[in-house]
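Enquirer: Sharing the record's features from Swiss-Prot:
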type    : residues                                                                                       : note
BINDING : Ser198, Ser199, Gly200, Thr201, Thr202, Lys206, Gln340, Gly341, Thr345, Asp429, Arg444, Lys535 : ATP binding site
BINDING : Tyr248, Ser252, Ala318, Gln340, Gly341, Thr345, Met353, Lys446, Lys450                         : (E)-4-coumaroyl-AMP binding site
BINDING : Lys269, Lys452, Gly453                                                                         : CoA binding site
REGION  : 271-340                                                                                        : region 'SBD1'
REGION  : 341-408                                                                                        : region 'SBD2'
Amino acid sequence: MGSMAAAAEAAQEEETVVFRSKLPDIEIPSHLTLQAYCFEKLPEVAARPCLIDGQTGAVYSYGEVEELSRRAAAGLRRLGVGKGDVVMSLLRNCPEFAFTFLGAARLGAATTTANPFYTPHEIHRQASAAGARVIVTEACAVEKVRGFAADRGIPVVAVDGDFDGCVGFGEAMLDASIEPLDADEEVHPDDVVALPYSSGTTGLPKGVMLTHRSLVTSVAQQVDGENPNLYFRREDVVLCLLPLFHIYSLNSVLLAGLRAGSAIVIMRKFDLGALVDLTRRHGVTVAPFVPPIVVEIAKSPRVTADDLASIRMVMSGAAPMGKDLQDAFMAKIPNAVLGQGYGMTEAGPVLAMCLAFAKEPFEVKSGSCGTVVRNAELKIVDPDTGATLGRNQSGEICIRGEQIMKGYLNDPESTKNTIDKGGWLHTGDIGYVDDDDEIFIVDRLKEIIKYKGFQVPPAELEALLITHPDIKDAAVVPMIDEIAGEVPVAFIVRIEGSAISENEIKQFVAKEVVFYKRLNKVFFADSIPKSPSGKILRKDLRAKLAAGIPTNDNTQLKS
């Protein structure tokens with residue numbers, strides 16, 4: 001029986017319709033550690049600008065960044081960090097983010113990245129789950145972690161000031177008395193180097209274990225080869241505006257820029273005037289954006305085509321972009337190629353990328369999110385039967401390759417539910433591949449709400465809501481929003497006799513979560529629709545929204 005089952009499985013694998021990049025596979029040096037890979041061409045670029053701090057104007061050459069990462073590694077080791085440990089980076093974009101990440105990598109440690117504007121509860125939960133040994137943060141988050149860290153004996157390093165109970169970044173990491181790390185620790189390509197948190201297709205945030213091999217492969221899939229899919233040149237100036245605590249920016253901006261030898265201009269936060277100023281001053285040529293930034297540029301009368309004339313490439317990820325928006329935006333950036341990518345944290349994160357970005361570009365279609373990256377396989381499966389589908393048939397997108405995650409930290413069950421026995425990562429996204437190998441996303445199986453590219457897990461908000469004494473049951477689903485893409489809205493069942501209002505519920509949630517997880521609207525219902533197994537029927541609730549629901553505080557839905 002066992003041999004028959006194996007034969008049947010092998011036959012099914014042979015019948016699988018697999019899609020690959022139009023670009024040929026390349027040799028990827030996945031035996032290298034991430035830092036060795038990024039600095040492999042250091043002798044050629046040592047004197048070139050590497051990181052430019054948009055706020056202070058400080059410029060760090062490639063040679064300086066490499067040395068400072070060694071110094072940061074020595075500083076982290078002095079704070080007790082060793083191979084297999086975890087460093088929490090609780091920072092907005094800044095040079096210290098790069099020094100810390102690369103320094104931890106040299107020690108064989110992993111970095112778990114988090115948004116400094118998270119609430120204390122959100123930060124503490126991630127730091128505890130990840131097992132952080134050191135927290136590197138900035139002024140806006142010091143108060144959120146100081147007590148938590150002191151209780152657990154975790155050193156806190158502050159990059160931008162002197163605070164009681166913290167050590168300064170310069171003193172801890174960059175002091176001249178600290179000898180830079182001479183030799184990196186013995187690191188295996190399958191050791192974890194990045195530990196971002198993602199909700200995957202469902203549930204609460206989970207630690208995504210990305211290894212040195214994962215990230216080397218993912219970056220190489222983008223920028224390596226004679227005809228790279230993402231053609232970064234050494235003379236390029238890449239804008240690093242999207243938050244580095246998000247894996248897309250860490251991978252496709254910082255690490256890809258380092259590998260290519262480009263200059264990287266770091267912005268701490270989005271400000272349209274500052275963006276224009278930095279673009280003019282430094283001659284920015286590559287600008288990775290998300291659609292909300294594209295919307296603001298497209299609609300702002302303050303931005304002219306002259307302001308952004310140096311930009312030759314605009315990478316848009318995290319959410320789909322319609323043709324009307326593209327046209328309005330391109331009028332402001334007439335010299336640029338605009339294209340989209342498609343990613344998922346668990347996939348390393350890039351699954352697909354626009355081939356108009358290649359050194360030898362291809363014609364691409366509007367609305368496509370690109371073609372699967374090279375050295376990887378993609379298939380479309382029927383979400384109900386698991387059967388493989390062909391071209392122009394919509395189903396769940398699955399990806400396989402060395403770039404995908406090792407698994408979820410301490411969560412084998414969720415790992416098993418996401419990566420099947422054949423090594424295919426199931427994205428929870430519904431899409432199809434057309435006759436030209438271009439991928440189109442049409443729907444989402446997974447529950448995650450995408451607010452301006454940020455993940456909002458419904459389960460997290462639901463768990464919070466039902467802790468309120470006036471709330472009997474709750475469900476959270478996305479509602480379409482022109483600016484944000486999606487916003488979270490809640491369906492609430494009040495306990496008998498309660499008169500709790502929409503505003504009271506919104507305020508209750510706002511105190512506990514980061515700004516982008518706050519509820520946009522609250523609707524009251526007699527009950528939450530659920531399957532026999534108790535699973536919330538989110539499609540039913542989304543259908544109610546699509547049908548149009550009155551939005552006053554007294555809305556009562558009959559289920």
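Glycine too: its Cβ is placed from the backbone N, Cα and C atoms.
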Enquirer: Give me the DSSP three-state residue breakdown of the region 'SBD2' (341-408), ordered helix, strand, coil.
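Expert: Grouping H, G, I as helix and E, B as strand yields 6 helix, 24 strand, 38 coil.
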Enquirer: Find the shortest Cα-Cα separation between Thr345 (ATP binding site) and the binding-site residues Lys269, Met353, Gly453, and name the residue that gives it.
Expert: Gly453
Enquirer: Could you check the binding-site residues Ser198, Thr202, Gln340, Thr345 and say which one's CB has the most other CB atoms within 10 Å?
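Expert: Selected residue: Gln340.
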Enquirer: Just jot down the residues in the same chain as Lys269 (CoA binding site), at least 6 apart in sequence, with C-beta under 8 A of its C-beta; none if empty.
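Expert: Within the chain, Lys269 (CoA binding site) has Cβ neighbours under 8 Å at Arg92, Asn93.
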Enquirer: Near Met353 ((E)-4-coumaroyl-AMP binding site), which residues of its chain come within a Cβ-Cβ distance under 8 Å, counting only those 6 or more away in sequence?
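Expert: Those within reach of Met353 ((E)-4-coumaroyl-AMP binding site), by Cβ under 8 Å and sequence separation of 6 or more, are Gln222, Asn229, Leu230, Gly339, Gly341, Tyr342, Gly370, Thr371, Val373.
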Enquirer: Hey, for the CoA site built from Lys269, Lys452, Gly453, who else sits with CB inside 8 A of the CB center?
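Expert: Neighbours found: Leu242, Pro243, Phe270, Val290, Pro292, Ile293, Phe454, Tyr516.
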Enquirer: Please state whether DSSP places Lys450 ((E)-4-coumaroyl-AMP binding site) in a helix, a strand or coil.
Expert: strand
Enquirer: Would you mind pulling the DSSP three-state label for Thr202 (ATP binding site)?
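Expert: It is coil.
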Enquirer: Using a Cβ-Cβ cut-off under 8 angstroms and a sequence gap of six or more, which residues of the chain neighbour Gly200 (ATP binding site)?
Expert: Lys206, Glu346, Tyr408, Ser414, Thr418, Gly428, Lys446, Ile448
Enquirer: Relative to the Cα of Thr202 (ATP binding site), which of the binding-site residues Tyr248, Lys450, Lys452, Gly453 has the closest Cα?
Expert: Lys450
